[in-house]
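Scroll down for the structure; my scribbles are underneath it.
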Amino acid sequence: MKMWTLSCLLCMTAVLQATFAKPTQEKRDRVHHGRDLSDHVHNDAEDFQYDHEAFLGKEEAKTFDQLTPEESKERLGKIVDRIDKDKDGFVTHSELHSWIKYTQKRYIEEDVMKHWREYDVNKDDKVSWEEYKNTTYGFYTDEEFEGVEDKNSYKAMLARDKRRFQMADQDGDQIATKKEFTAFLHPEEYEHMKNVVVQETIEDIDQNGDGFIDANEYIGDMYGSETEEEEPDWVKSERQQFIDFRDLNKDGKLDPDEVAHWILPGQVDHMDIEAKHLIYESDKDKDGRLSLHEVLDNFKLLAGSAFTDYGGYMTGSHDEL
């Protein structure tokens, strides 16, 4: 699922000889925890795109399809050396699991650092609520957005950001550490942010304002048609999913607990599942680990003719592995 992108918009306009920054009207995307590792169907009989994105990371896998098989193997061999933390010549399940976790989480760190530089105005290595609010919405003293078109939308957006910031700010000092700011930008990654993720999801989909998501709202969030044409088969399938698996108490609507069950699947560790899959498919001697020869022999599964961010992997560090 999509993650949120919070942009800084400082579009200056003169109003009554005062200068204000107009806040962004960009729609925030919902966040979902426990997301899959790729938007592609995991079907190795058709292609290995799912495995490539799982192993390399989504964004990186998109841009490195220009390498020859020889180049890919050469670089893959050097990456294997990075994954093999104990230098015993083999990649274990634990090491591969850690690597996949790194590639999947790295984009979060990069996103946080990008916004950290924007919002840490006084460069004290913290982001206060005032810094975030002023940078995003401008220096409005009364927070009423007078003179701004569609001010009600901005007020609602500000209130939503404030609620999320307060949830992420665990010590309540209105100042976010880097960890707290990460929870603010990516609440789907933190257990203590579960309630705000559920609440925001309901607010985004609930059109009649009753605090629940009915079947039409559920479908309307993913499919909209202005014609009288019959719904596609996939939409009919989603309606049945709503009845069979989403609406657990069969009252025709999703309450907060049911929404949490839907978007926060909890214990499913897709990275662990993928690590086991990659080892199973490549482990020719069935000793439960991968040698360099086994990895290179099955390089199409892991990288095909593409490999990502070679320079970054070689020169950078990922101590969390």
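In case you wondered, yes, glycine gets a Cβ from its N, Cα and C as well.
Just so it is clear, the model here is predicted, and its values are computed rather than measured.
Per TrEMBL, these features apply:
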DOMAIN    71-106  domain 'EF-hand'
DOMAIN    107-142  domain 'EF-hand'
DOMAIN    156-191  domain 'EF-hand'
DOMAIN    193-228  domain 'EF-hand'
DOMAIN    270-305  domain 'EF-hand'
SIGNAL    1-21  signal peptide
Contacting positions for the domain 'EF-hand' (270-305) when only residues 6+ beyond its ends and CB under 8 Å are counted:
34-37, 44, 48, 51-52, 54-56, 65-69, 72-73, 76-77, 80, 89-93, 96-97, 100-101, 104
Tertiary contacts of the domain 'EF-hand' (193-228), as residues 6+ beyond its ends and Cβ separation under 8 Å:
28, 30-33, 160, 163-164, 167-168, 183, 187, 235, 238-239, 242-243, 246-247, 252-256, 259-260, 263-264
